[in-house]
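A quick write-up on the structure given underneath.
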Amino acid sequence: MPTFVLFVIASIVFILGGGQLQSTLSTILSWIDTKMAWAYLLVYVINFLFFMYLAFGKFGKVKLGDPEDKPHYSSFQWGSMVFATAIDASILMLSIVDPLRYLQHPAFGLKPFSSAAYGAAHMYGQFNWGPMAWMMFAPATIAIAYVLYVKHGKVQRVSAAITSLQGDSRGKRIARRVIDFLVVFGIMGGIGSSVGMEIPIISKVLSSLTGVQDNMALKIELFLVLFILFAVTVFHGLNGGIDRLSAAHIWTALGLLALILVVGPTVYILNSETNSLGLMAQKFISMSTNTLPNGGDSTAQQETIFYWGWWLSYMPVMGLFIARISKGRTIKQVLVGMLTYGTLGCMSFYAIFGGYSLWLQRTGAVNLVHILNTQGQAAVVATVIGTLPFKMIVLALYCISCFIFLATTISSSAFIVSSFTSLHLDDGEQPSRWNRMIWVVVFIFFSFGIVMVGGFKTVQTVSTIAGFPLMLVCLLLLHSIWHLLTAKDKVVAPVVVPKPVVMRRITVELPRAVRGPMILSPDHAR
């Protein structure tokens with residue numbers, strides 16, 4: 001209940017804060033970008049190197065389960081579920097808009113709008129959604145899965161997987177509660193950012209599709225529709241709603257990608273992606289540690305910090321989900337699977353959507369950069385989709401996809417947060433319906449507050465702040481994983497129950513106090 005009250009208060013502050021709050025948030029974001037960027041980057045580098053060592057070292061062979069356990073899902077099924085749950089509707093917009101930002105504010109000191117800038121713009125978003133990002137789900141995933149399936153413990157909250165905080169002392173109990181609050185805080189920031197980013201996009205696309213004016217009234221109506229969709233899905237639980245959304249989720253994504261690749265500039269997209277793969281391999285280390293200590297255009301670096309905070313905010317949700325479906329797999333299979341399916345899936349969006357938007361800009365078909373600077377992200381998305389054949393059908397498909405993407409992620413997150421805030425749940429028991437519904441309301445209310453403040457900077461600030469305290473949670477989970485894998489189990493002497501001795505048809509149970517053998521003469525025993 002205290003967590004619920006705090007987020008209701010935060011939502012009210014967002015709704016009533018207006019321009020003054022937006023200015024305050026921008027100041028906070030600027031401070032983080034200039035003073036704490038090194039911390040985000042170092043945590044991600046440490047995390048990535050740690051799990052590469054685990055995956056390809058001796059610990060990669062450790063099975064998350066008993067020796068006889070087998071995976072419940074095929075590799076393709078497992079990878080599809082991981083990808084479908086991790087991505088939300090934001091990638092449908094950001095994969096179109098991000099390359100345009102990087103084009104006019106290129107990294108590596110490149111000249112804006114130059115040929116090299118086009119190549120870097122196509123690649124940079126793929127880095128922010130690539131291997132470094134996907135490995136941030138691993139701390140919670142491996143720690144929780146190991147406790148669940150190797151130690152056969154119970155993990156209802158992320159704090160239960162942090163070995164250094166286990167115990168009955170008052171200090172450790174308080175620490176666990178703080179960790180769980182930070183986890184919920186991070187989830188709220190990630191979810192609020194996703195919805196706050198996508199509602200204006202959906203509103204703009206719907207306006208283009210139907211001719212209805214794009215205003216706050218339309219956005220409120222969209223929130224009501226989302227609330228009904230989320231409520232029905234979460235009310236029916238995992239098997240009744242969320243799993244069906246996940247199935248629709250992946251098919252709509254594939255449909256959109258295939259459509260643009262086929263009807264768009266196919267050769268240009270494929271050439272651009274081939275170039276981006278080589279460029280990413282060449283610049284990977286530089287992008288991972290880019291703090292710009294001597295100045296320069298910081299747009300690309302600030303985008304990375306924003307994304308690192310965002311991925312951190314989703315770490316607990318995804319960790320719990322991936323751990324639940326990974327029983328019987330080795331640590332290496334889980335880590336390599338996340339890298340393969342997650343990275344390839346996200347890079348596909350940036351390769352195709354981003355390649356198409358850059359092609360429109362480069363050929364002069366549409367000046368998307370001008371639209372971005374004067375009308376905003378929503379107008380860019382509507383314009384790009386409007387250039388495709390069967391415009392009305394594609395606009396409708398895009399809106400449906402956004403709703404499904406949002407519903408999948410938010411419904412899953414509401415389900416998990418309600419589990420965090422439930423006092424006691426037995427194994428296999430789902431949180432109560434009223435608890436799930438309360439968190440749907442909180443998510444919608446909080447997201448509405450972000451939309452009221454407005455601006456992409458607000459979204460970036462909320463995500464970055466939400467991920468900030470979770471850096472500590474990440475490091476604690478890394479320590480726990482190392483402790484679990486390297487600590488030798490204490491040797492506990494087995495309890496030996498003495499066997500009954502038969503004497504003249506009388507069964508006598510040897511008393512527990514007897515420590516030495518009882519010697520019977522042949523005359524007494526038969």
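Cβ coordinates are placed from backbone N, Cα and C, and glycine is handled just like the others.
Given the structure is predicted, the values throughout are model-derived calculations rather than measurements.
Feature annotation from TrEMBL assigns transmembrane segment to 37-56 (among others).
Remote same-chain partners of the transmembrane segment (76-97), defined as residues 6 or more beyond its termini with a Cβ less than 8 Å from a stretch Cβ, comprise 125, 129, 134, 137, 193-194, 197-198, 201, 246, 249-250, 253, 256, 314, 318, 321-322, 325-326, 329, 337-338, 340-342, 345-346, 349-350, 352-354, 356-357, 372, 377, 380-381, 384, 398, 401-403, 405-406, 408-410, 412. Here TrEMBL flags 76-97 (among others) as transmembrane segment.
Look at TrEMBL and you will find 132-150 (among others) tagged as transmembrane segment.
Per TrEMBL, transmembrane segment is recorded for 178-197 (among others).
Residues or ranges marked as transmembrane segment by TrEMBL: 217-238 (among others).
Per TrEMBL, the feature transmembrane segment maps to 250-270 (among others).
Within its own chain, the transmembrane segment (305-323) has Cβ neighbours under 8 Å at 32-33, 37, 40-41, 43-44, 64, 82, 85-86, 128-129, 133, 136-145, 148, 155, 158, 183, 186-187, 189-190, 193, 334, 338, 412-413, 416, 419, 460, 463-468, 470-471, 473-474, counting only residues six or more beyond its boundaries. Under the heading transmembrane segment, TrEMBL lists 305-323 (among others).
What TrEMBL records for 335-359 (among others) is transmembrane segment.
The list of residues near the transmembrane segment (365-388) in space but at least 6 beyond its ends in sequence, with Cβ under 8 angstroms from a Cβ of it, reads 92-93, 96-97, 100-101, 103-104, 200-201, 203-205, 207-208, 214, 259-260, 263-264, 353, 356-357, 359, 394-395, 398, 456. Taken from TrEMBL, the feature transmembrane segment covers 365-388 (among others).
Among the features that TrEMBL reports, transmembrane segment is placed at 395-417 (among others).
If one looks beyond the transmembrane segment (437-456) by at least 6 residues along the same chain, the residues whose Cβ comes under 8 Å of a Cβ in the stretch are 4, 7-8, 10-15, 17-18, 21-22, 25, 188, 191-197, 199-200, 219-220, 223, 226-227, 230-231, 234-235, 376-377, 410-411, 413-414, 417-418, 421, 462. Positions annotated as transmembrane segment by TrEMBL: 437-456 (among others).
Under the heading transmembrane segment, TrEMBL lists 468-485 (among others). Nonlocal intrachain contacts for the transmembrane segment (468-485), taken as residues 6+ away from its ends with a CB within less than 8 angstroms of a stretch CB, comprise 32, 36, 39-40, 43, 46-47, 50, 54, 59, 62, 136, 139-140, 142-143, 146-147, 150-151, 158, 161-165, 179, 182-183, 185-186, 309, 312-313, 315-316.
Counting C-beta pairs under 8 angstroms (sequence separation of 6 or more), the transmembrane segment (250-270) fails to reach the transmembrane segment (37-56), with fewer than 3 such pairs. Outside the transmembrane segment (37-56), and at least 6 residues removed from its termini, the chain residues within Cβ reach (under 8 Å) are 131-132, 135-136, 138-139, 142, 288-291, 301, 304-305, 308-309, 331-332, 335-336, 467, 471, 474-475, 478, 481, 485.
In terms of C-beta pairs under 8 Å, the stretch of 132-150, 178-197, 395-417 lying closest in packing to the transmembrane segment (335-359) is 132-150. Long-range contacts of the transmembrane segment (178-197) within the same chain: residues 3, 7, 10, 88-90, 93-94, 157-159, 162, 165, 226, 309-310, 312-317, 406, 409-410, 413, 416-417, 420-421, 442-444, 446-447, 449-451, 456, 458-460, 462-463, 465-467, 469-470, 472-473, 476, each at least 6 residues beyond the stretch ends and with a Cβ under 8 Å from a Cβ of the stretch.
When Cβ-Cβ distances below 8 Å are used as the criterion, the transmembrane segment (132-150) is approached by residues 44-45, 47-48, 51, 54, 62-66, 69, 86, 158, 160-162, 288, 307-308, 311-312, 314-316, 318-320, 322-324, 326-328, 331, 334-335, 338-339, 342-343, 346, 473-474, 477-478, 480-481, 484-485 of the same chain, each at least six residues removed from its ends.
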